[in-house]
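According to TrEMBL, the features are:
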DOMAIN    119-298  domain 'Guanylate kinase-like'
BINDING   G126, P127, T128, A129, V130, G131, K132, G133  ATP binding site
Amino acid sequence: MTETRRPPEVDRAAASRRAVAARRERAALKHDVAMRVITPQELLRRALAHPESPAGAMRITEYLTALPAIGEGKRDRILAALEISPVKRLGGLGARQRAALAQWLDERFPEPVARPGRSRLVVLAGPTAVGKGTVAAHIRDHHPEIMLSVSATTRPPRPGEVDGEHYYFVDDDAFDRLVETGALLEHATVHNKYRYGTPREPIERALADGRSVLLEIDLQGARQVRAAAPDAKLVFLLPPSWDELVHRLVGRGTEGEEERARRLRTAKHELASQGEFDYRVVNDDVARAAAEVATLAR
Ligand SMILES: Nc1nc2c(ncn2[C@@H]2O[C@H](COP(=O)(O)OP(=O)(O)O)[C@@H](O)[C@H]2O)c(=O)[nH]1
Ligand SMILES: Nc1ncnc2c1ncn2[C@@H]1O[C@H](COP(=O)(O)OP(=O)(O)O)[C@@H](O)[C@H]1O
């Protein structure tokens, strides 16, 4: 049997391509943590579950400096306190080191804790283009038991949008009257442009009938609902990664470059506020994410 052997330079080239790809993937993961698309705990869980993956191969030093507000000085003090050597990789941490790091992370970056037994009023918010509208539409089509609130807006209808179904399209004066008469549970100017608000009465009626209600609104609205109805469940929809969020925004093709850049800057701030929410749902697959939100609405 003749064995065909590849020249060593071919193997070297392949190895170097793999190294570059792994480095790129590690950089993307660090960016996701820095942008708060994934929590530090999530990255650690991935590293420990797959020590051979790019997450597992990440040095503890790289990991710590990717965390919000951790510079090199703080990093070294943390490593000393946790008794972890700076040359360690995440996938190679010992049991005691994992436990110490996990405890430190939970104190420093607490993950939202599910708060069961809350009302059936569910707020779905999240950064631009994460898929809030898509997930809400899927819930409307597949979970008729959940009432999807129809907002009032001063934005003009887009082709195909039906008054009373997608939105109640009103002018500025009519919107003012809704605000003055207290007809809105919350309202806000979104993307610096048009006003949007949630009619209070249909929600109160549905909740009184024992139905679940879903509001797909922006972060300012979510905060007002929290203040007005502290028992509401606040759900934050997350993209699988920052790159995927950008990809969806570009792919939707509804904004020009300048508006996209502005929305992404807002998205960064919105992602940083996810700790105010009770639940986080990753919109990796629309049907799966919608099912998760529908379950929370029960
Ligand atoms: N506060 C608040 N935000 C809303 C309401 N209805 C829709 N929004 C938000 O307004 C934003 C713009 O929605 P829309 O005009 O449908 O445009 P698109 O998101 O670019 O398709 C989205 O972030 C919605 O979540 C509402 O009643 N109150
Ligand atoms: N799970 C998903 N996977 C891939 N693409 C998605 C997913 N969810 C939504 N999208 C796409 O992302 C874009 C933004 O979704 P959209 O519902 O308009 O976002 P939002 O309402 O949060 O601004 C749309 O083009 C939509 O088709």
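Residue positions begin at 1 at the first shown residue.
Here the Cβ of each residue, glycine as well, is placed from N, Cα and C on the backbone.
What TrEMBL annotates, mapped onto the structure for a quick look.
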{"residue": "G126", "record": "ATP binding site", "CB count, 10 Å": "27"}
{"residue": "P127", "record": "ATP binding site", "CB count, 10 Å": "28"}
{"residue": "T128", "record": "ATP binding site", "CB count, 10 Å": "21"}
{"residue": "A129", "record": "ATP binding site", "CB count, 10 Å": "24"}
{"residue": "V130", "record": "ATP binding site", "CB count, 10 Å": "28"}
{"residue": "G131", "record": "ATP binding site", "CB count, 10 Å": "24"}
{"residue": "K132", "record": "ATP binding site", "CB count, 10 Å": "19"}
{"residue": "G133", "record": "ATP binding site", "CB count, 10 Å": "13"}
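For ligand 2, the neighbouring binding-site residues among P127, G131, K132, G133 are G131, K132, G133, by Cβ distance under 6 Å. Averaged across the domain 'Guanylate kinase-like' (119-298), the predicted model reaches a pLDDT of 95.
Summary of the ATP site environment: with the site residues G126, P127, T128, A129, V130, G131, K132, G133 set aside, the chain residues having Cβ atoms within 8 Å of the Cβ mean position are L237, P239, L245, R248, N283.
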